[in-house]
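*Asks:* Could you have a look at this structure, given as structure tokens, before my questions?
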Amino acid sequence: MRINPTTSDPEVSIREKKNLGRIAQIIGPVLDVAFPPGKMPNIYNALVVKGRDTLGQEINVTCEVQQLLGNNRVRAVAMSATEGLKRGMDVVDMGNPLSVPVGGATLGRIFNVLGEPVDNLGPVDTRTTSPIHKSAPAFIELDTKLSIFETGIKVVDLLAPYRRGGKIGLFGGAGVGKTVLIMELINNIAKAHGGVSVFGGVGERTREGNDLYMEMKESGVINEQNLAESKVALVYGQMNEPPGARMRVGLTALTMAEYFRDVNEQDVLLFIDNIFRFVQAGSEVSALLGRMPSAVGYQPTLSTEMGSLQERITSTKKGSITSIQAVYVPADDLTDPAPATTFAHLDATTVLSRGLAAKGIYPAVDPLDSTSTMLQPRIVGEEHYETAQQVKQTLQRYKELQDIIAILGLDELSEEDRLTVARARKIERFLSQPFFVAEVFTGSPGKYVGLAETIRGFKLILSGEFDSLPEQAFYLVGNIDEATAKATNLEMESKLKK
């Protein structure tokens, strides 16, 4: 961390640095730069190329040193387009790795990989910057306690709980509610934990990035009138950008999150959408640098690159970074090296189901496919574990019986199976929940449900306490008391209709 007096005026910085090189070769986004003997920059140092192209347009390209080639030459990868660059142009060694602005002033803003705001809201009101390349926290600094990160979302907290400072994989296709779930998590961490969030858009569509920004403004996650009240900082390196930018944008987002954890001592949520694109960009850069490809054409350093990012996402004694990473699985092949390497780092998986979304059950989290390493009696306690297992068993039995019901009907089932089906349908509906960020769509006020309330509700349903209540009473409510109140209202309405 350092206070950077030159962030507002890069020209001052360039005049101060006397370490000048010249472009010797350009191959797409890769530059070879020659420096005077004894003046070689370090690996990961930022290099800046300034000048004018043949049309007189100003050029300002930042690169990152990747290899020292010998003969006083380095090979660097550009973070933006290299059109207009020529051999012989001056290159300035900045003497440090890429540094990005950090702190409260980043909230409510959109940045690119270099930490430059791209939202037309003027410069960022901070002089504190931090380099994007750092070591992971030392083991002695880590908080090794296994504690649950309560989200206030029933289906997540009960069946696939998140670990504080853990990593969660989010699997889901288009239109099943991934964005709404992400926004609700951002909202809940701000309200319940006083925490903030950082969103890293890695190699995804520009349109999706813009849609997310607009939805965040609509739902109040970003407050345009008073940016200081915003709960999230956005960092985008979209799929039209060079591989260097897509490879480093995850580190830019992580660096901003680390400041909130280490200096502000907060709980932080870090979203990475999509972690596969980080690997894909690394693969492109590796090929451009001439490295021998590994399995399925991926970079030989795949595990190292993934590990250096994931090991920085952790809980320390000061605060925590809990990361939720969208995982694209190429051709649905879970053995592909990219997702397989990612799975090794995940503590929990949240799988969104199109079938549940089609039924109108939101959040459409699949209760049987979602998993968590935290769901063990010694971590969550016997009561939580037993309740979760009974819920899963009931839903699994219902799933097995669905074919029989479709062919023969409910009447052909045994008394015990009919009771199981009735309870499973209530559980399925009780796993739905009105979200704060979806109030404008549903017309229902959002609900945050504590873990103890969640467990109590499901225990009562499993015990048969509410067998007489209609299943509709359990749909889109918060805790179990709201379900009983809704049942009373439904009964009164039906009497009035008669």
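We count from 1, first residue shown onward.
Keep in mind that glycine also has a Cβ here, set from the backbone N, Cα and C atoms.
According to Swiss-Prot, the feature ATP binding site maps to Gly172, Gly173, Ala174, Gly175, Val176, Gly177, Lys178, Thr179. What Swiss-Prot records for Thr6 is phosphothreonine. Among the features that Swiss-Prot reports, phosphoserine is placed at Ser13, with the record citing similarity to another entry.
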*Asks:* Within 8 Å of the Cβ centroid of the ATP site residues Gly172, Gly173, Ala174, Gly175, Val176, Gly177, Lys178, Thr179, which other residues of the same chain have their Cβ?
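*Replies:* Neighbours found: Leu352, Ala357, Ala364.
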*Asks:* Return one of helix, strand or coil for Gly177 (ATP binding site), based on DSSP.
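*Replies:* Note: Gly177 (ATP binding site) is coil by DSSP, not helix or strand.
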*Asks:* Judged by the number of other CB atoms within 10 angstroms, which among Gly172, Gly173 is the least packed of the binding-site residues?
*Replies:* Gly173
*Asks:* If you count CB neighbours within 10 Å, which one among the binding-site residues Gly175, Gly177 has the smallest count?
*Replies:* Gly175
*Asks:* I want to verify one value. Collapsing DSSP to three states, which class is Gly172 (ATP binding site)?
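*Replies:* Assignment for Gly172 (ATP binding site) reads coil.
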*Asks:* Sequence gap of 6 or more, C-beta under 8 Å: which same-chain residues meet both conditions with respect to Thr179 (ATP binding site)?
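*Replies:* Sequence-distant Cβ neighbours: Asp211, Leu212, Glu215.
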*Asks:* Rank the binding-site residues Ala174, Val176 by the number of other Cβ atoms within 10 Å of each Cβ, and give the residue at the low end.
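*Replies:* Selected from the binding-site residues Ala174, Val176 on minimum Cβ neighbours within 10 Å: Ala174.
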*Asks:* Counting only residues 6+ away in sequence within the same chain, which have a CB under 8 Å from the CB of Lys178 (ATP binding site)?
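*Replies:* In sequence order, Leu170, Gly172, Ala326, Leu352 meet the Cβ cut-off.
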